[in-house]
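Visitor: Input: one structure, supplied below.
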Amino acid sequence: MDQGADVHAQGRPHENAFQAAPYRGHLDTVEQRANVNAQDGLHGHHTSSSVITLYDLKDGSSSSQPWAPNIWCVRFILNYKRLRYRTVWVDFPDVESILSSLGAPPSSFRSNGRPVYTLPVLVDPSRNPGRPLILSNTNNISEYLEATYPSKPVFPPGSRALQSLYTHYIQEVLAKPLLPLLVPLSHQQLEHHSQSYFHAPGGSTGPPSSTSPLSSTTNQPLPPGPKRERQWLQAKEQFDFLDSILAKNVGDGDGIVAMGFEVSYADFALCSVLMWIRQVALHDGWSRIQHWNGGRWEQLWQKCSPYMDNH
């Protein structure tokens with residue numbers, strides 16, 4: 001259950017789901033800034049020997065609001081388990097420099113052997129503050145947090161296989177028709193130099209949190225009209241199907257969450273997509289979806305809302 005699509009620095013994405021972005025090499029000035037930020041991330045004056053650090057993608061706002069769905073999955077788990085953590089915001093073009101400086105494990109390797117670095121990355125100093133554990137890849141991080149901090153499990157006993165299938169559907173099927181709608185809007189949320197990075201020679205062709213052939217997705221939002229409406233209709237078809245599945249839980253569950261009455265990893269995976277929609281397409285996207293299927297997705301949002309803290 002890989003939580004992400006790697007978008008190659010040469011613009012050749014893996015056919016996968018929701019990994020926040022690999023990056024290319026940078027000029028010396030960028031590398032110097034990345035090294036400073038990386039050191040601040042591990043040793044800054046706000047750190048504590050027991051506080052987890054989550055590396056997240058910086059948007060264009062002054063306050064930096066999290067929006068990438070794969071990173072929200074990790075944030076949900078941290079909040080649900082009531083773990084102390086803080087966020088280090090990373091500019092899109094700086095990720096490779098920062099993560100390599102940290103010693104973060106690559107998410108994958110290209111055919112030429114070059115490492116691919118992606119967000120999220122989590123640093124946990126709880127076991128050995130002098131040599132904190134550094135993890136990448138949403139799935140690896142989620143499994144680690146569940147095993148290391150078993151209180152308030154997100155995978156109830158015997159549910160991993162079914163939750164994996166559920167999450168795979170969300171990432172690989174439900175999200176696909178959303179890409180032409182949300183990827184360009186996500187691009188617009190980045191800072192200007194990060195937006196320019198997409199168009200630079202050798203740069204990525206789409207923002208993080210995208211799946212799929214990004215070569216067929218432009219950075220221009222779909223204008224109002226029949227084409228955009230057809231795209232939202234395709235998205236609704238997937239939500240309608242998922243609605244019919246969740247309705248089977250009515251009677252022995254609340255029909256809102258995947259595992260009966262309590263939220264679990266599967267709900268956080270879906271709510272992460274809802275968060276993405278709400279953050280980048282509040283008026284054209286969330287205003288539609290919150291009313292679909294009898295308000296089921298608004299109800300799921302409310303179920304997950306206690307775990308939406310942003311540290």
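From the backbone N, Cα and C atoms, a Cβ is placed for every residue, glycine too.
All TrEMBL annotations are machine predictions without curation.
Look at TrEMBL and you will find 206-220 tagged as compositional bias 'Low complexity'. Under the heading domain 'GST N-terminal', TrEMBL lists 58-153. The feature region 'Disordered' is assigned by TrEMBL to 196-229.
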Visitor: Tally of helix, strand and coil residues over the domain 'GST N-terminal' (58-153) according to DSSP?
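Guide: Taking each residue of the domain 'GST N-terminal' (58-153) in turn, the totals are 34 helix, 19 strand, 43 coil.
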Visitor: I'd like to know the mean pLDDT over the domain 'GST N-terminal' (58-153).
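Guide: Mean pLDDT for the domain 'GST N-terminal' (58-153): 91.
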